[in-house]
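Positions annotated as substrate binding site by TrEMBL: 61, 79, 84.
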C-alpha cells in the first residue's frame, strides 16, 4: 500500500495512518513527530498547544516530539537536541524489523547532516517506526553509530497526553522510586506517595522505572497505559499556571488539559561503539476505567485487564 501523505497549508508533509477499527495517527516528516492520535470514536488522545508554532526551525509544542541526542539542557546542544526540528525522510530500507501492514505503519530516518556535525561531530542514523493498531500506538526508535569512534547520547520520546483536568489525574507505577527534581536543582528524592497527583508544577525524572506506567483520567474514565523498553527513565511534567505564562508557545489555560509522561534514557547515557545499534520501544494504549471506590485498582492497571 502506498503511504497516505498530505501537504498542509503550513508547508508540512503529514503521513496519515489509519486502521480498520477507525483510529488514526498523523506524523510529520518535520521532527519525525506524531502530532495526532485519535481513537475509533475520533477523540484526540494527544495534546497540542493552542499556541504551537508551526514554522521551522521552531519545535512544535505537543504530540510526541523526539529528543535526541540530548535531553533538556544536559549538554552543550540546544534544549532537547536537534532531532525534533530537522526534516526526516521516509526510510525505504527498514529491514531489521519484522514487516507490518503498510497502511498502519511508517518508517522514518534522520541522518547526521552537515549543520549538525558542526555542533555534534558524530555520524549517526536515527530510525523511527510508528505503528498504529486498534487502541494502540507503538514507536520503535533505533540509533546506529556510523562513526569510527564510540559516542554517547541521551534520548526521550515526550508523550503529551490529552487529559480532561490535570487536577483529577493520577499516575501509578512510579511509587517508591527515586527521582531527580528539576524544580530543586536536580536534587534526588524518593517518591513517598502511592500515586502522583497534581496541584502545582511537577518536573521530575524518575529513575529505573517499571516497563509499565498508568495515567488515570478520572473524569474521562480513561486510563493511558505506557509500556516501554530500552528507556529506563520516565519524565513527568506539568507546568501549572505560573510556569505556563513564561512559555510563549503554550496557551495560559493549556496546562489544565495536558500531561507529559516521557519514555527516556537520561541518567545513564547510551554508549554505542562504531556500527553498534541501540533500540528502544514504547507502546501507548488506552483502556476504559471503571470505578467502585472512586479510583482504579492499581494492580489491574499494572498487570493488565485480562
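Please read every residue number as a count from 1 along the shown chain.
Including glycine, each Cβ sits where the backbone N, Cα and C put it.
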**Request:** For residue 61 (substrate binding site), list the number of other Cβ atoms lying within 10 Å of its Cβ atom.
**Result:** 22
**Prompt:** Once the chains shown are all counted, how many other Cβ atoms turn up within 10 Å of the Cβ of residue 79 (substrate binding site)?
**Reply:** 13
**Message:** I want the residues beyond 61, 79, 84 whose C-beta is within 8 angstroms of the mean position of the substrate site's C-beta atoms, in chain order.
**Reply:** 59, 60, 65, 67, 80, 85
**Max CA-CA distance, Å, over listed substrate-binding residues 61, 79, 84** = 13
**Surrounding CB atoms that lie within 10 Å of the CB of residue 84 (substrate binding site), all protein chains** = 21
